[in-house]
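Written out below as C-alpha cells is the structure these notes cover.
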Amino acid sequence: MTELKTVPSRISRSAGFLDARLGGAPFLRRNMRKIFPDHWSFLIGEIALYSFVILLLTGTFLTFWFKPSMAHVAYDGPYGPLHGVMMSEAYASSLELSFEVRGGLLVRQMHHWAALLFVASMMAHMLRVFFTGAYRKPRELNWIIGVLLLTLALAEGLTGYSLPDDLLSGAGLRVTEGVVISLPVIGTYLRFFIFGGEYPGDDVIARFYSVHILLIPAILLALVTAHLVLMWRQKHTQMDGKGKTNRNVVGAPFYPMFMAKAGAFFLFTLAVVVGLATFAQINPIWLYGPYTPADISAGSQPDFYLAFLEGALRIMPAWEINLFGTSEIGTVPLSVIIPALLPLGIILVGLILYPFAERWITGDRREHHIAERPRNNPHRTSIGMSAIAFYGVLWLFGANDELSAFLHVSLNLTTYAGRVMIITMPVLAYIVTYRMCLGLQRRDADMISHGVESGVIKRLPSGEFIEVHAPLTEDADAHIRGKEAIPQLPPGANGEGVPAKAMRGLIGGLRGRMSTAYGGEKIPINGANGHNGHNGHNGQGDHAAVTSGDDDHALGR
Amino acid sequence: MTAEDQPIEERAERVPQRVIGTPATDSPMLGAPETPEAEYVPPEGVKPADERQARRAERKVVLCFGITSLSVVAFVYFYVTFQVGSTQATGLSNFALGLSLMVAVLTLAIGIVLWARQIMPKYTLTQDRHPMLSEEEDREAVAEYFVQGANESGFVRRKVLRRALLPAAAALGVVPIVLLRDLDNTKTAAANTPDRLRHTVWGEKTKEGKPPRLIIEGSGRPIRAADFNTPGGLLSVVPEGHEHDLDALAKATVILINLRPEEIKSGTNQNWMHNGIVAYSKICTHVGCPAALYEQNTHHILCPCHQSTFDATDGARVVFGPAARALPQLPITVDAEGYLIAKGDFAVPVGPSFWERGDAEAKANTQGGGS
C-alpha cells in the first residue's frame, strides 16, 4: 500500500495552469473539505436534482426526432393498426422515435418516468423541509425558490405531456382550454392567444414545445442553481444529536466522501429510471391514437401531479353565475374557476407565506440550523398533515371513476363522499396529528426520565419485582434533548399586564392568542440527566426545555 | 500563486513518478527489512476503515465495476443486433437495452457506495457555522458606497431626471405586451373575438349551397333517417365537408340518439328532432371534453373527464356533475333523399362557458326559437 505524499505532477501542473487564470485555490481550500451532515431524509432533494439532470439529457435526445408540428400527415410507419390514419406530424414523429429509433422508446419512457420522479421527489423534499422547520431563518428565500421550482415543474409537466398529440394528451389540452376560457374578462382572449385562433388550431404544439424545452427549463436551471448555491452558502441543516449544535456542522467532508456518495446516488436514481423505463410501460401513445376533439377514451387521467386539479374539477358542484343575465358579458363559471385556481392558490400561497406567518406568530427571529423533530412542533406538523389531507383527497378523487369501479360504489355517491371529505379530512388530520405529536413527546419525556425498557426483571431483597431500565445512548439522548420550547410572544392581550404596542387591537390580539396556542412547551422533558434509570428524580428542567435564548441552540444576535 | 508556471505543490526535483502499485523509489526492493512507517494518527473525527474489511470490500467493488464494463459491452452488442420496427422487435430492443443499461449503472452505483462505506474512513468532522449577517464594518461600508454613488449619479438631487426615467422604463415594458398581440394568428378585431365562439360550421352551407348533412364520424358516410331507427342507438356525428377539420370538430361534433316517442320529456325541442332522433352537442359544457358515454337504460350521457351527466330525454339537462348547463340541441331534419341534415346552427354557444357568453339560453328563449 502506497499513499500519495504530494500532488502528482500532472494534476498539479494543470491545477497550476487553472489557478494562474482563475485564482481558485482559496475557494477550494474553504470548500473541498466542506462538511455535509448525513441523514436519509436529506437525500430526497438530491433525487429531484438528479431526475432533473436525467430530464435534460433524455429530453435533448428526444428533440433530435420530435417534430413540433400540427401539419396533417398520413401515417406510413411500421405500426400496423395506424396505417394510413391521418395524424399530426407531432404524433407521427413521436411514434417514429418510439418504433424506428433504437433506444428511442427507452429514452422516451425514461423521460416520462424521470418527470414523475422529479415532481414526486420535489414534493417529498418539500414536506421534509416543512416538517423539520428547515425553512426557518436564514432559509426562507431558498424555501420560496423551492416553491417556484415546484410550480414551474407542474407547468413543465403540463406542456410536456401535451406534445405527443395523442388522444390522451389532447384530452388534457382540452381541459386546459376549458379552464383558460373560463377566466373572467381575459379568458376568451387568452384562449385565442394561446391557441393562435380556434381550438386546437395549428400552433399550440409548437408553442408548448418552445415553452417546454427552452423557456421553463432555462428558468428551472437558473433557480436550481440558485437553490444549490444558497444551500452551499448557508450550509445544510442537521438533525440533533451528540455534539451537534446550532453553531456547527457535523458530518463527512465533500471530498472524498460526499462526492462519492452523491455520484453513486445519481447513478442509483438513473438506474431506477432506466429500470422503470425497461419494465414498466408508461404512456403507450400508439394505443391511444391521434388526437381529435371529437373523441375520448374512458378513464382519461392526467399524470399524478395534476390529479389534484382534476379531482377538484370532479367534485365541484355545478355553480355558474351570469352577472348581467342575458347580456353578452359577465358569465362566471365557478364550477371551473374555483377548482382550477383555489386549491392551487391555497397551497402555493400558503407555502410561500408559512415561514413568515410562523415568524410573526412566534416572534422568533433567530437563525435555525438544527432540523426540528416534527413532534416537537405539534401545530406546524398538524397544519402540514392537514394540507396533505386536503391535497390527498383532491388527488384521490381525480380518479373517482376508477374508485367507484374498484369499490363497486355508485359514481355519484363517490363524488358526494369527496365533497364531504374535502372538508372533514383536513380537520380530522389536524386533530389526530396533534394528539400523536403530544403522545410522542410524552414518550420522549418518559424515555429521558426513565430510560428504555431492557426486558430484564429484577427481584429486590424486599421481594419487589422491578424492570431494569437502561439509559439511552448518548446520541439518542442528545437527539431527544434537542427539543426546544417554541418561542412565544410576551403575554399581554390575555389580560396579564399591559400589552405591548404590536399586540393591541384586533390583529394584535389575534396574534397574541395564536402565539399562545402555537408556541410554548406542551410536554416538558424533566429528567435532569436521564442516566439514572429507574429511580430518575425530577430535577430542574434542563437546557432544552426552557429558554429560547439558550446559547447552544441559538445564534445570539 | 503569483508566478504563472508555478504549480500548487513544488517538487524539489523533477524525478520520474513511480507507477501506482510499484514500490516507492526510495524503498529497497529486496533484502533490507521495511522501515516501520511512522505511526499514522488519523485526525480527530476520521476513523479509518478496518484494513481486512476494506480488502474484502475492494474485491466486491472490483467485481461490481467489472460487471459495469461487461454490461456496457452487452448494451452496444444489443444496440447493433436488435433492430426495431414492429411492436415485438421494439419491445425486445427496449428490454435488452434497458436491462443492460440498468445493470451497468446499478453496479457502478453499488460499487461506489461499497467503496465509500467500507473503504473510506468514517467521518464525524465538525465545522463551525457563522451567522449569515455580515460584519457591521462591511455593512457600513456598503451603505456608505451606496449613498456616495446615489449622490454622485445625481439621481437624488435632480428630481426631473428621476421622474422622467420611471415613465420611460414603464413605457418600454409595453413593447413585449404589444408584440404578443399577433399570437392570435387570425387577427380578428378584439371586439369580434368572443363572437367566434358563438357559431359552428353547422350554420354554414356546403359547397353545393345545401345545408350540411350529418356524417358518421370515422366512416365518412351520411345517415339516412330510416336506417337509424333502433331506439337506444347512439352515433357520433360530424358535419359534412369538415370531417377532418379539427377546429370545426372541436365545436361541431354531435351525438345522435334515437329515443322512443313516449320517453321524450318537455326539455327536448321536438321541432328540432326527426322521428325520435335527437342531436346534442358532444362537447361538454363543463370544460369541453367529448361527452361520449351513453347509457341506454337511463338515457344518460356521461362525460368521462369529470363525470358530468346529462339526460338525453330531457333536452340533455344536467342530472349530475360539475357541468352547469345542458348540452345544446342541434336542429335537424331530412333532405329530399332522406338523409339527416342540420336545419341551422345551435341556438346557443356550445362547449365551456366564457365571460362573454351571458345567459344565452334565456336569450334564445325570449327570441322565440329556443328549446
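Yeah, the Cβs are placed from backbone N, Cα and C, and that goes for glycine too.
The feature domain 'Cytochrome b/b6 N-terminal region profile' is assigned by TrEMBL to A:14-240.
Among the features that TrEMBL reports, transmembrane segment is placed at A:40-66 (among others). Long-range contacts of the transmembrane segment (A:40-66) within the same chain: residues 90, 93-94, 96-97, 101, 104, 107-108, 110-111, 114-115, 117-118, 121-122, 124-125, 128-129, 132, 163, 209, 213, 217, 220-221, 224, 228, 236, 262, 265-266, 269-270, 273, each at least 6 residues beyond the stretch ends and with a Cβ under 8 Å from a Cβ of the stretch.
Residues or ranges marked as transmembrane segment in TrEMBL: A:113-131 (among others).
Among the features that TrEMBL reports, transmembrane segment is placed at A:143-163 (among others).
The transmembrane segment annotation in TrEMBL covers A:209-232 (among others).
Tertiary neighbourhood of the transmembrane segment (A:264-282): same-chain residues 43, 46-47, 50-51, 53-54, 106-107, 109-110, 112-114, 116-117, selected by CB-CB distance under 8 Å and a gap of 6+ residues from either end. Positions annotated as transmembrane segment by TrEMBL: A:264-282 (among others).
Same-chain neighbours of the transmembrane segment (A:336-357): 126, 130, 135-137, 140, 143-144, 147, 151, 178-179, 182-184, 308-309, 312-313, 315-316, 319, 383, 387, 390-391, 394, counting only residues six or more beyond its ends whose CB sits under 8 Å from a CB of the stretch. Annotation comment: TrEMBL describes A:336-357 (among others) as transmembrane segment.
According to TrEMBL, the feature transmembrane segment maps to A:378-397 (among others).
Taken from TrEMBL, the feature transmembrane segment covers A:417-437 (among others). Long-range neighbours of the transmembrane segment (A:417-437) within the same chain, counting only residues 6 or more positions beyond its ends whose Cβ lies under 8 Å from a Cβ of the stretch, are 311, 314-315, 317, 374-379, 381-390, 392-394, 396-397, 400.
Positions annotated as region 'Disordered' by TrEMBL: A:523-557.
Per TrEMBL, compositional bias 'Low complexity' is recorded for A:526-545.
Per-residue confidence over the domain 'Cytochrome b/b6 N-terminal region profile' (A:14-240) averages 96 (mean pLDDT, predicted model).
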